[in-house]
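Over in TrEMBL, the protein carries these features:
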type: TRANSMEM; residues: 12-29; note: transmembrane segment
type: TRANSMEM; residues: 35-51; note: transmembrane segment
type: TRANSMEM; residues: 63-80; note: transmembrane segment
type: TRANSMEM; residues: 174-195; note: transmembrane segment
type: TRANSMEM; residues: 204-221; note: transmembrane segment
type: TRANSMEM; residues: 227-246; note: transmembrane segment
type: TRANSMEM; residues: 258-280; note: transmembrane segment
type: TRANSMEM; residues: 292-315; note: transmembrane segment
type: TRANSMEM; residues: 365-385; note: transmembrane segment
type: TRANSMEM; residues: 397-415; note: transmembrane segment
type: TRANSMEM; residues: 435-451; note: transmembrane segment
type: TRANSMEM; residues: 471-490; note: transmembrane segment
């Protein structure tokens, strides 16, 4: 962990990048040596001291510290409630810390109301500034009435951070930032274990797991940390199976379905991904009984997901995530809104998710957007040509059909939100690029299979593989630092 010339060089380059990245923004140059700047600098110094890009076996550790350190910096620097849909997710996190397993018909969450007063987006009329924010204290919530639904365990990291803050201090802001940081920690652990688990797909897991856009989403109160993390664990285990590193034993089948189950708490339609093992041929299984076990567990997952989501009613209430939306037969008769939404997926992935990690900013950095998109596409292509996994036609057809079906369900789910869709609209808004995260993880598998069937591609030597892994880590690291620098000067 010594401070070599290379580490000092990387730290100096990073600090210069933070200062001069504002030249890529259409705003006057201003040296901004305030608290948020020093948070980034401390994060940069700590990260480069800890990490080592020269040893490929350090990839999981490097990813963990990149996410934990820079994600925590983002969690501290980002204004209150400026995370993606953070207002809804925060209320759920505080709610589970007070009511544990169930939602109740009467919940008065005083701490959430205290945070809302410092929400510069949704409460501009009654907004109170930093003097209020750093002095407001916790108040007990008032929970009563009958259970009307389940609390979502996806918010457990936020709940732990929030309650730890209560133990440390009576100030609301301490709990607020600790809740954000514990979401970062939970995601960093999931990515670490996914890279450790994966034997044929480590670079892809690192690339998607550490994208600036991914880090910015998970560094607030949001359950997508669970969706992203479990997607990476799932693809790590699946590629181990498809590559022949492991057969599907009882233990593997149980582990696979256990990884699918958390989708019920974050992105419900992706529970259907549990069916992917069922289409695999007998050669991947230890015994035929294992296939039946996996299929049985998949249906149990589906039943639980339907119960949790409220499609199968347990509580005497009209509240459920099913929402109010047009009948599915309406879209059978009028399929074009769904089709248009699905055809927009590539644009949504690249533009809405990959290359634009920042929300609520005064100006974009065109250079950051372009560099992120190019780097992502190039790395994805290189990973694809080095991914040599033979996929059967049946598996490819089933997977594509499954993902189209899941995407259609995601689009249909959004039609219950009148802000993005009303009957008669030709388009279903609100289906964002991040929703396709699991689908993105499969791209190198499909592209690699196609390229290896058409061309004779030489695999990387160990030296070339180590070189690419180093470039991948340097590229991601400086993109994340570049993104934090742009946010420093443009966050409204």
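Note that Cβ sites are derived from N, Cα and C of the backbone, with glycine treated the same way.
Remark: the transmembrane segment (12-29) contacts the transmembrane segment (471-490), by the rule of 3 or more CB pairs under 8 A.
Contact between the transmembrane segment (365-385) and the transmembrane segment (435-451) is supported by 3 or more Cβ pairs under 8 Å, counting only residues 6 or more apart in sequence. By the Cβ criterion (distance under 8 Å, sequence gap of 6 or more), the transmembrane segment (435-451) is counted as touching the transmembrane segment (204-221), at least 3 such pairs being found.
Long-range neighbours of the transmembrane segment (258-280) within the same chain, counting only residues 6 or more positions beyond its ends whose Cβ lies under 8 Å from a Cβ of the stretch, are 152-154, 223-224, 226-227, 230-231, 233-234, 237-238, 241, 248, 291, 294-295, 297-298, 301-302, 304-305, 308-309, 321, 394-395, 398-399, 402, 405-406, 409-410, 413, 435, 438. For the transmembrane segment (35-51), the residues of the chain that approach it from at least six positions outside its boundaries are 1, 3, 7, 10-11, 14-15, 18, 58, 61-62, 65-66, 69-70, 72-73, 76-77, 473, 477, 481, 484-485, 488, judged by C-beta separation under 8 angstroms. Outside the transmembrane segment (174-195), and at least 6 residues removed from its termini, the chain residues within Cβ reach (under 8 Å) are 59-61, 63-65, 67-68, 71-72, 74-76, 80, 83, 90, 93, 111, 115, 138, 157-166, 168, 202, 205-206, 209-210, 218-222, 225-226, 228-230, 232-233, 235-236.
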